[in-house]
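As structure tokens, the structure follows; a few thoughts come after it.
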Ligand code: GDP
Ligand code: ZN
């Protein structure tokens, strides 16, 4: 495939100070060469692949030196996009980086669309769709654990599993063919029947195993929606502050944040907590007072985790009991705060009301009990054991939807086999399952879906 040369500013992960102008395409080296001046006079089209070169970017029309740079030159296909790639490392501010970018455009490159580099890697067969999506997840990852999941997916872990399952289905389909072609042989039919059930069950189990990771996967990817509630003065703001302090907030501007619910992320033991309505806690102290009873019920209902704060130094009040009533049946951690003061609360009563949900005592003033709280949060969502990072998680809603559909198809196939439905009808369900799994890795994906997926990427990736 011959594509034009694209250019964008792209900053490497974790390194804010350096900006890179990245070029990819047939003309990448020639365009860079027009702008590059080396102290020794060497030309970029003469140098070896995968080498780095010091020099200056000079505006050819004025001979003015624009920037001092290091240029990485990589010839395809051993590059991310499989095309020739140039990376111009600039150390100057945004203005000079922009000028370098403008010069590449003036001399033949086109400004890349968001995600276009990754799209090229996909189109040129370098990565499959689930890997491309992992690149996007990686950019947005909020904790190390989320990053590991994305890295695993980028590494092709999900792809490999999906391909293996598709292979199983293909083999099964091949046996179905035998059965259709030679229906007169009884033993073939018998074997096929057994084998169909066996293989389809394997596929179904594997799909289900993947789907079971989706809850955790989604949490890692999107954060655990968390609400702190409690009467005035029990220590909600103190709790929020200590969570944010100990774990530093990760993201401040989240697209789609509505005006009346403000969110902040903190990383607790690898679990990204999305703290909902923290502004409410900070400003008016009372979520119910601020957004009204109905709305706060709605916020609570949509929360994945509720941190309910109670006062160790006071008896349970009617308001406490009402709050406990509201969070009945929800994932809640009970935090009994102010243990540095004398106990007036009835802990046994709380244990009753908590109904097996975790209770943690804290003195936020003396910074005690915070570890235990974080432990409780971690184990609530990773069931006590630290999940090994090589588990394949599905976290992407597109993948989850496709796996759910594939699960339906394979279940239909199994039901059909067991009910003795004609084998060519079972074949339809198996084929559908095979196609749905294929969409995860981008086999037979519609063109417009591809455009839509890649437009979600950050610029320069
Ligand atoms: P909120 O109204 O629920 O947000 O409560 P705040 O976090 O604003 O705390 C109310 C008051 O209790 C403040 O004066 C805090 O300093 C104090 N406070 C918070 N945690 C503790 C604690 O563990 N022990 C003591 N003695 N005071 C605390
Ligand atoms: Zn407060």
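Even glycines carry a Cβ here, placed using N, Cα and C.
For reference, TrEMBL has these:
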BINDING   22, 87, 126, 461  (6S)-5-formyl-5,6,7,8-tetrahydrofolate binding site
BINDING   233-238, 252-258, 277-280  GTP binding site
BINDING   233, 252, 254, 257  K(+) binding site
BINDING   237, 258  Mg(2+) binding site
DOMAIN    223-382  domain 'TrmE-type G'
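Comparing residue 236 (GTP binding site) with residue 22 ((6S)-5-formyl-5,6,7,8-tetrahydrofolate binding site), their Cα atoms are 46 Å apart once rounded.
Least crowded of the binding-site residues (22, 126, 236), judged by neighbouring Cβ atoms within 10 Å of its own Cβ: 126.
Checking the binding-site residues 22, 87, 126, 236, 237 against ligand 1 with a 6 Å cutoff on the Cβ atom leaves 236, 237, in sequence order. Each of the binding-site residues 233, 237 was ranked by the number of other C-beta atoms within 10 Å, and first place falls to 237. Only 237, of the binding-site residues 87, 126, 233, 237, place a Cβ under 6 Å from an atom of ligand 2. Around residue 87 ((6S)-5-formyl-5,6,7,8-tetrahydrofolate binding site), taking its Cβ as the centre, 20 other Cβ atoms fall within 10 Å, counting all chains. Confidence annotation: the domain 'TrmE-type G' (223-382) carries a mean pLDDT of 78 in the model.
Note: the Cα of residue 22 ((6S)-5-formyl-5,6,7,8-tetrahydrofolate binding site) and the Cα of residue 237 (Mg(2+) binding site) are spaced 45 Å from each other.
When the Cα atoms are compared, residue 237 (Mg(2+) binding site) and residue 87 ((6S)-5-formyl-5,6,7,8-tetrahydrofolate binding site) turn out to be 46 Å apart. Between the CA atoms of residue 233 (GTP binding site) and residue 87 ((6S)-5-formyl-5,6,7,8-tetrahydrofolate binding site) there is a gap of 55 Å, rounded to the nearest whole number.
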